[in-house]
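Working notes, beginning with the structure itself.
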Amino acid sequence: MPQQGLSFSSSLSTPTYITVNFLVHTHAHCSREGVAMAGFKLPYSVHTRYGAEFLVPFPTSISHPRFHFAASAGCRVHAGFLMQTLALLYPNSLCYRNSRAKVSLQVPFTSRASAQALTEELAEDKQKDLPASGDAIRQRFLDFYASRGHKILPSASLVPEDPTVLLTIAGMLQFKPIFLGKVPREVPRAATSQRCIRTNDVENVGRTSRHQTFFEMLGNFSFGDYFKQDAIKWAWELSTLEFGLPADRLWISVYKDDDEAFAIWHNEVGVPAHRIKKLGEDDNFWTSGATGPCGPCSEIYYDFHPERGISDIDLGDDDRFIEFYNLVFMQYNKKDDGSLEPLKQKNIDTGLGLERMARILQNVENNYETDLIFPIIEKASNLANVSYTLADESKKTDLKIIGDHMRAIVYLISDGVFPSNIGRGYVVRRLIRRAVRTGRLLGIKGDGMGDLEGAFLPVLAEEVINLSTNIDPDVKTRASRILEELKREELRFVLTLERGEKLLEQMLADALSIAQANGTLPCLSGKDAFLLYDTYGFPVEITKEVADERGVSIDMNSFEVEMENQRRQSQAAHNTVKLAVEDGAELTENIPDTEFLGYDTLSTKAVVEGLLVNGKPIMQVSEGNEVEVLLNRTPFYAESGGQIGDHGFLYVTEAGKKEAIVEVKDVQKSLGNIFVHKGTVVEGVINVGKEVEAAVDANLRQRAKVHHTATHLLQSALKKVIGQETSQAGSLVAFDRLRFDFNFHRPLKDNEIIEIEGLINKWIGDATLLESKVMSLTNAKKAGAIAMFGEKYGEEVRVVEVPGVSMELCGGTHVNNTSEIRGFKIISEQGIASGIRRIEAVAGEAFIEYVIARDNHMKQLCSTLKVNAEDVTTRVNSILKDLREARNEVSAARAKAAIYKASTIVSNAVTVGSSTKIRVLVESMDDIDADALKSAAEYLVDTLQDPAAVILGSCPGEKRVSLVAAFTPGVVDLGIQAGKFIGPVAKFCGGRGGGRPNFAQAGGNEPEKLLIALEKARDELISILSEKTG
């Protein structure tokens, strides 16, 4: 019996393939000739995947045409797939298969003037029936490609493994090693929803409809599997059938020389030629750098205003079009001479902007008004007591900036990026401060809910965290850490913001006034911009924005000079992903992955698979040369997870005699999972193909094992003592020590360090056996295993557990029993960046060496002080007290001597002015120190009485100059300030200085210029005072 709609699919449990030929039969057996015809357009998937005819014609005069798909020469189609697809198009149709493997569909007649109209109606129905929330769009994209054989992989961290890129800026970044051929592909095709950060065009955020700092890039990737044809057709099917976008609103761009892509879009997909635009290299040819993988790309644009017609189309018109899907056909390698050669493995790299698709499907004016961002904007509107709908464009822009920046800030902090003045930390600090300032411009006071001393960013961050479930579920587990860090950073910035704003306003007013007087363009000096950055925490970008609003430019060249003087090792963000095809890519074709045996043995027989000298393959290396050795198997641990590589030896033995010896000083992973043993041939000659005895230095391995397990215990102890929210931010496991970086906002207290050490040493004394096992990543996380910072994991992971204490995902080497650690001691704890602390510690043999060394130091100290160890502290405190008293006595004596000397030069003061008599004294006081000079100046102004001005100088040591200026209130009231006056004097002596209006000190390093400087100061001071007093 015929079944209705989709229910027929249940009878097709066994795959049935038929050959399709389209025939039209009617009850009247009407001839096609002379009969008005309509068209039935097959779904894209039948047409493009199986090669069937695209348009099935039928007479419009027939009320119930039947489409019979009968066995004959044609194409092979899965019967169940075909009937489900046709039933989807016509839910009220009758779909059945007869005994001769024929498929029939009886369709209630609806006349169609064209196939296009039917496609558009289906698209409209799809849009109406399926959810269009951001979360739903993300899931529909992933489900679409999962059904086409793609492995769904998680988003990588915003902190990339690639050292050439500061932050994750593209979905393809985590696959860069595969595209380079450095690591083998684990799957032929994949799909992801990747969190990304781009700040190179942050000034456009909120001002355009589409610019964002944080966004999600949906991508499907092929690693030498499918190429242009499938990539294009699936992109079209996703857009028109899955997301239901009307076909006549979609425009295509292709590279001007990519005739293949043009033909697929036009001939196979059916896009009219006038809606396919050929663009140049700048728009549609993707390159990774000066050399490396590259290729043409094709983009899909959505037309918001089709009523404007099809003439003079400019796809760059943001008001009319938005590019939402980019397909990169990675098919060439660009060589040093600029020529292109075909890649051996052609790849597909695509990106669909989630926020852009949400804007289209949710029918809103811009990306910010989608459900991915707008709830944050609404919260900010409430805090500012502003209606977004009724707000002017300026306030709307500010609200969009906050909505965008809050997402970037929260996800960056969640991924371990904390505010600082360099690198990634500067990016998040800049965004935080930009959001704080923007919120203040909107009128948000305090936390926006009545607490004027509070912070509003944590309130907004809670909204971001609520929206994070399907983006990154780990964000909610880190919520308290994110909120605490935001509160600290905002309140810290607010302390200096008001003063900085006032100073900036004064600087801009001065710049405008000077420009008006001189008839020049107003410009803020780089030195002033740097002062705002360095002293008041104003990112120069914020200063620039405010200056732009006032029509003032900034001398960025001089600002960069100031920055370079202060911070020569600053990191800069990279906004392109650099790929390069290296020699290693060729080598990896011939060298298999290295089998690691080091968990179970420290020595093994192995075969030399390759030798490298200066990165180049070589067949033989002789004594005295540095070499990189590739083995088929190895007991050597290669550096990863913070643990350094093993040391040891490679022995080549012939007839029981050592023919060659290579001393290994480092082991690194390269080209995927190939271990590179770096060392020196200390004896003989080593050849490719030779068998070697690979032997790890057992003592150093044990030291590394001890420190690695101790690191795990340290993390557990920190969580117990200072809170579960703390987490690892980096580590080093070396032979002589361990280093552990963690997220925390303050220094550890002495009692906390003692408690941490006590816990770890107790666990060591418990002599607990460690357990290690391999399991799926999902099960490991469910079991509570902690992931190590910066590590990337496959589906199968190794879990190292100290039962009852610690469980972590870790590929490193560890002790068998905690008792092997013997002892643990923290040797330092310090801050290395805002919100990041660092502990250095020793364990095992290094712990014993440390204790012995400290004991020897103590014995020497006891011998010198002639006391027992327990009395050292008391004795040292007593010595320090005596020293302070002696210094105070000397200082007092020097001050008395300086005052006495000052009393002898009072008579050298001169009187200046007619209406007001001002006493001026400028003298050198030989070699007295700065403190005594200050005492002398204070004595002199008291003696001379108001109004008086005193400037004194001295040379207290070799290459040292001390200066002091003391002005009474009567002089200051004339507009002459000691702090400003003393600066040029000090500069003449090779120094700098400043201070209050009434008192200032300075220094220099050119004592030979002191007398001349004082003479100039006397003349200038007398001149100014004379002018002021008539």
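Even glycines carry a Cβ here, placed using N, Cα and C.
The model shown is predicted, which means the values in this text are computed figures rather than measured ones.
When TrEMBL is compared with the stretches 449-483, 484-518, 659-693, 869-903, the one noted as coiled coil is 869-903. H814 (Zn(2+) binding site) has a Cβ environment of 25 other Cβ atoms inside 10 Å. Long-range contacts of the coiled coil (869-903) within its own chain (CB-CB distance under 8 A, at least 6 residues past either end) are made by residues 858, 861-862, 925, 928-929, 931-933, 935-937, 939-940, 943. Its own atom aside, the Cβ of H712 (Zn(2+) binding site) has 25 Cβ atoms within 10 angstroms in the protein chains shown. Within 8 Å of the centroid of the Cβ atoms of H708, H712, C810, H814, where the record puts Zn(2+), the same chain has further Cβ atoms from K705, T709, T711, V733, V800, E808, G812, T813. Taking the Cβ of H708 (Zn(2+) binding site) as centre and 10 Å as the limit, one finds 24 other Cβ atoms among all the protein chains shown.
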